[in-house]
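Undergrad: Let me begin by handing over the structure; questions about it come next.
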Amino acid sequence: MSHKINSKPFILHSEFKPSGDQPQAIEILAENLNDGLAHQTLLGVTGSGKTFTIANVIAKLNRPAMLLAPNKTLAAQLYAEMKAFFPENAVEYFVSYYDYYQPEAYVPSSDTFIEKDASINDQIEQMRLSATKSFLERRDTIVVASVSAIYGLGDPDSYLKMMLHLQTGAIIDQRQILVRLAELQYTRNDQAFQRGTFRVRGEIIDIFPAESDDRAVRIELFDDEIERLSLFDPLTGTGFGAVPRFTVYPKTHYVTPREQILDAIEKIKSELADRREYFIKENKLLEEQRITQRTQFDIEMMNELGYCSGIENYSRYLSGRNEGEPPPTLFDYMPSDALLVIDESHVTVPQIGGMYRGDRSRKETLVEYGFRLPSALDNRPLRFEEFERLAPQTIYVSATPGPYELEKSGTEIIDQVVRPTGLLDPEIEIRPVSIQVDDLLSEARQRADRNERVLVTTLTKRMAEDLTDYLDEHGIRVRYLHSDIDTVERVEIIRDLRLGEFDVLVGINLLREGLDIPEVSLVAILDADKEGFLRSERSLIQTIGRAARNLKGKAILYADRITNSMEKAITETNRRREKQMKYNEEHGITPQGLNKKVGELLDIGQGGSNKSRNKPRSQKAAEPATTYAIPMTAKEYQQQIKKLEQQMYKFAQDLEFEKAAAIRDQLHKLREQFVENG
């Protein structure tokens, strides 16, 4: 079936023109891509407008693109920026749609099986469906994705085959439309009209497409003919006018044509027979009973409904792939000439490499103990070498590219060191460790008096806590950025720092996202001469760069000797400073401070909720696990639920599934007790 592709050009909206190193970087990147170069690196310092450069390259080449970010927060920032640059084009967001995800797991030592438990974010699910739809329908598409893009997704061929094409004047009876909608996993709901549902009133069928958030389609039939197709707002009912044709996309990426499902069922039955034989031979009768019961239940569900819970575990059969072949992913939905941009590549590339192994070990346990068939091992993220094979022409973007990017790019490393604002990299000073705490106290006071902010990085949690208490006792408004804080709270703390709610932020790893804050004029690195991951050349350059958005930016490294990493970081920072000063001198540029507005919290994946912004916060932003008494008031109940949920998410994240499950059960009990007590 031919699929209609919309070929609208990219139209870049910006009040700025490329300046500094940007014009040259745009030119070289675009030229290399046109010449077919597979790998190149944009070495762009903090605040040099790397995103703007990439946006210009995409607009210049007029090719679809995928931007990979290392986490949801950075992906959300990139998405917001790209949406502002390309308001007339399809800018999409593709990250994991789980707010909370505990995969099914088995712990042999305690004979504990933990069912899969997940909370799916409806808004992000809609955005994922919208992203694949745009890749299939439009050339002017930019998808901003997290590493979720390398995880298995439904097969694009099956997905395309299942689409329902509607056209004014087409002959089709109402029953046929309803059957097709059920096959697409839409449910009928005449009361609550929401995403992925349809309602029927006489000869009118209203469908709320799964990938849409503000448009629904109305089919008006006359006998067995589609008399009119129109779009309307599902909330207000306001009409947007008639359309000649409309395509309804499936509600999930895992829909499969009926004949393919029947074919898959036969293969699953055959594998089940082999597995049963194996378990009986090994005298593992419990495992044999377990796999038989679970698989037969799934087969029955697939036969009756066309899907089952955990259908992705049978994706090898549903997509018709052979054992060990890579699963279909977002890369299979991309046009063949798309670009791949890997942001913060020094973090993202190693992340891609690490996803496969963790997933594999958990699934092998499930297979060994009869919870899953061996074919479930093919529902997995891509291996690194598979990712390399599938990746189109790639631009790596980082202020400190890793060894992989440097090796792949060879000589094609494009420097973007000069900032359009003329801002220089921070000055670096080295001071002795013996005076670090008192010296920091006096520096923090000076900055607070000038309404500027300070970031402090320590090596240990204990040191960070003690330093926070010490500064607090001496009248400094300080907060400690805990590693246990969830992303939303983290964004709020950073927002409060920018608004001047406090002046000093202490943390261990300040390389994480969202810390490019124009108000920060001082970065203090304690114990800078202790070699290790947090004091490596790359980490030091990144941390020093946190003060690069301020006119008076300065970095103080407290050290008694200059390590190899320090020397390299200082040399690189000074190289950049010299290049920036020379450019400013030649072009008569006076450095300008950044006046970046403090925006509202980005509500992607938060359901637009800023509810915790006004709550009083303790000095420490996360608390250790404690035992809980039965709450007496509604407020106490809410606080306790929140604490327990935070712990549960943390345990699930650390793969401590037993502990997460125990807290989940505690939550259920707590809710029941509260309801009983009225």
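Just so you know, glycine gets a Cβ as well, placed from its N, Cα and C.
Pulled these features from Swiss-Prot for this protein:
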BINDING   Gly44, Val45, Thr46, Gly47, Ser48, Gly49, Lys50, Thr51  ATP binding site
DOMAIN    31-417  domain 'Helicase ATP-binding'
DOMAIN    436-602  domain 'Helicase C-terminal'
DOMAIN    638-673  domain 'UVR'
REGION    603-625  region 'Disordered'
MOTIF     97-120  motif 'Beta-hairpin'
Undergrad: Pick out which of the binding-site residues Ser48, Thr51 has the most other Cβ atoms within 10 Å of its own Cβ.
TA: Ser48
Undergrad: Enumerate the residues of the same chain, Gly44, Val45, Thr46, Gly47, Ser48, Gly49, Lys50, Thr51 excluded, that satisfy the criterion Cβ within 8 A of the mean position of the Cβ atoms of the recorded ATP site; list them in sequence order.
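TA: Leaving out the recorded residues gives Thr53, Ala399, Gln416, Arg419.
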Undergrad: Quick one: what's DSSP say for Gly49 (ATP binding site), helix, strand or coil?
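TA: Its secondary structure by DSSP: coil.
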Undergrad: Have a look around Gly49 (ATP binding site) and count the other CB atoms within 10 A of its CB, chains all included.
TA: 23
Undergrad: Please give me the CB contact count at 10 A for Gly44 (ATP binding site), counting all chains in the structure.
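TA: Within a 10 Å radius of the Cβ of Gly44 (ATP binding site) lie 25 other Cβ atoms.
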Undergrad: Can you give me the average pLDDT across the motif 'Beta-hairpin' (97-120), rounded to a whole number?
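TA: Mean pLDDT across the motif 'Beta-hairpin' (97-120) comes out at 71.
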Undergrad: As a quick check of your reading of DSSP, tell me how many residues in the domain 'UVR' (638-673) are helical, how many are strand and how many are coil.
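TA: Helix/strand/coil tally for the domain 'UVR' (638-673): 33 helix, 0 strand, 3 coil.
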